[in-house]
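A.B. asks: I am attaching a structure below and will ask some questions about it afterwards.
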Amino acid sequence: MSALTIYTDKDASTPVWHSTEASEIQQQLNAKGVRFERWQADRDLGTNPTPETVITAYQHAIDKLVAEKGYQSWDVISLRADNPQKEAMRAKFLNEHTHGEDEVRFFVEGAGLFCLHIGSEIYQVLCEKNDLISVPAGTPHWFDMGSEPNFTAIRIFDNPEGWIAQFTGSDIAEGYPRLD
Ligand SMILES: CSCCC(=O)/C(O)=C/O
Ligand SMILES: [Fe+2]
Ligand code: NI
C-alpha cells in the first residue's frame, strides 16, 4: 500500500505525520509542489519484461505525459532480487541528489521508497504499482529499492539524454529508515 511518512530533517526517529490514504498523501505532496497520482498499471507484462514490452504496454501513459508537459525521452528501470548489480544500484540511489528537471516516475510493478528533502522536512513516499510521482527539479532526494529489489518504473525525462543527477555530498540518508 502506498504510504507517506514525514520527519523533520533533525530527527529521524519520530515521524511527525503518516498516512496510507492516497487522497491524504496527494494533498500533503501537492502542497509541496510534488505531483502524486494513482494511475492504472493494468497491463500484463509477463515475467521479467523487456524495456520494449513495458514501453509498448504503457505508450498511452507516456503519450499523456508528453502531451501535457512536452517531455523529451523515457526509459524503463527494472530491478529484481537476482540482479548481480543490485547492491551497487541501491547504493547509488541512496546518495542524496538533485536533477535539473522534474523526476517523473510511473511505477508499473513492485515498490520503492522515495525520500524527499523539502525545506526542513523529509517526505518518505512509499511508491507502489499504479503510482505516478513527479518531484520538482532541484529537490534533494534519495531512493531506496531495498535489499531484495522488485520494481519496474517508467522514467520520463525533460531532456534527450535521460538520467542526469548532481549528488549533494550529504550523508543525511544514512540516518533515515529504509525500505527494509
Ligand atoms: C524509480 S526510479 C529510481 C531511480 C531514479 O531514477 C532516481 O533518480 C532516484 O532518485
Ligand atoms: Fe533521483
Ligand atoms: Ni504504515
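Residue positions begin at 1 at the first shown residue.
Any Cβ shown, glycine's included, is placed from N, Cα and C.
Just so you know, TrEMBL annotations are computer predictions that nobody has curated.
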A.B. asks: Please state which member of HIS18, HIS141 TrEMBL lists alongside HIS97, HIS99, GLU103 for binding Ni(2+).
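C.D. replies: Looking at HIS18, HIS141, the one TrEMBL places in the Ni(2+) site next to HIS97, HIS99, GLU103 is HIS141.
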A.B. asks: Relative to ligand 2, which of the recorded positions ASP102, GLU103, ARG105 have a Cβ found under 6 Å from one of its atoms?
C.D. replies: GLU103
